[in-house]
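Read the structure below first, then the notes.
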Amino acid sequence: MAVLKVKFTKTKRDKLAQILWILNWVSVVSGIILFSLGLFLKIEIKKRNEVMAKGDINSVPNMLISVGVIACIINFLGGKICYDCSDANKFSRWKLVMLPYIVCTFCFTFCILVGALMCYTMRNELEESLYLGLRDAIKFYKDTDIPGRCFLKKTVDLLQIGFRCCGNNGFRDWFEIQWVSPRYLNMASKEVLDRLKSNVDGKFLVDGVPFSCCNPSSPRPCIQYQLTNNSAHYNYDFLTEELNIWMKGCREALLDYYTGIMRSIGITALLIWLFELSVLIGVRYLQTAMKNVLLLGDLEGESDGWLLENSFVETAKYNINIIKNLGKANQISTVSGMNDPNINVQNTDCEKTNITAKSIPCS
């Protein structure tokens, strides 16, 4: 029994073809939107790839860009097909193309759904990439004289100022690394030498942060050095007083930023998927209705259209059997007792007198 069968008159078929022609052109625009969203996300990721570790974070924008291009091509073709379907004579040249087109469109709409879901599952990969990338960027912050790393100080400073953040997980990350370049350390100073000697690795570690961690909205001048030394500053207690530096880590700030972008893109992609799915359903009805009207031979009469010619279970079994029989086309069928003539043939012996009727005569 057909699933969701609908009866179409010629007027309804013509109107459905015209509506689908318009919707396919709207779908071309939706493909351009998907392409633009993927390109935008790719550019946003590329802007800060210096603080991101290499990984699969570009899979989502690449997926959206690819799906957007395919959407434009498929829906452009769909518009041409639906336009010709208003004329039964023109439909005959598309009759063999319609079903493969619907299958390809179904796979394409499934890819849109996958792309939308990937926007919500990308957070973990992005978080790990940001953690590793920011860790290395902060580690090489001081290397302003080394080629390939000299740009990281500017990158990190602009990042902390722009996103109002400090460090990877927080401002204390700066306490654990030497972020002051050795060229700016006075090796004749006893304080500097004592700090270098007090560290096992010979690093100059201070309880301070770069200037880009300072919050300009604070009424008090920025305290970026000796943050944990209460006696170094008047009327200051770092345990109870709200510090005038950014408290949020840059990993959290960037993750919130990209999560907001991906959430918006995911919602848009889901809406486009629902729209494309509705267009696909309409094309399926049009294809079956036009096919049936040609079978009936009355181009002006009524015809039935459906989503599936048989039930879901029967359709699933039929397709499973097709998959199972792939590659077996060259095998000889043994159904209904039809045996291979080359199997179980009795050997003949010309010297024997008792030869059965089924034996092969010798020459």
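Cβ from N, Cα, C; glycine included.
As recorded in TrEMBL, the features of this protein are as follows:
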TRANSMEM  20-40  transmembrane segment
TRANSMEM  60-78  transmembrane segment
TRANSMEM  98-120  transmembrane segment
TRANSMEM  265-286  transmembrane segment
Beyond the flanks of the transmembrane segment (98-120) by at least 6 residues, Cβ under 8 Å: 34, 59-60, 63-64, 66-67, 70-71, 74, 77-78, 81, 262-263, 265-266, 269-270, 272-273, 276-277, 280, 283-284, 287, 290-291
Same-chain residues at least 6 beyond the ends of the transmembrane segment (265-286) whose Cβ lies under 8 Å from its Cβ atoms: 6, 8, 13, 16-17, 19-20, 23-24, 26-27, 30, 33-34, 37, 41, 64, 71, 75, 78, 81-82, 85, 98, 101-102, 105-106, 108-109, 112-113, 115-117, 119-120, 305-307
Intrachain residues whose Cβ lies under 8 Å of the transmembrane segment (20-40), provided they are six or more past its termini: 60-72, 75-76, 78-79, 82-83, 85-86, 112, 115, 261, 265, 268-269, 272, 275-276, 278-279, 282-283, 286
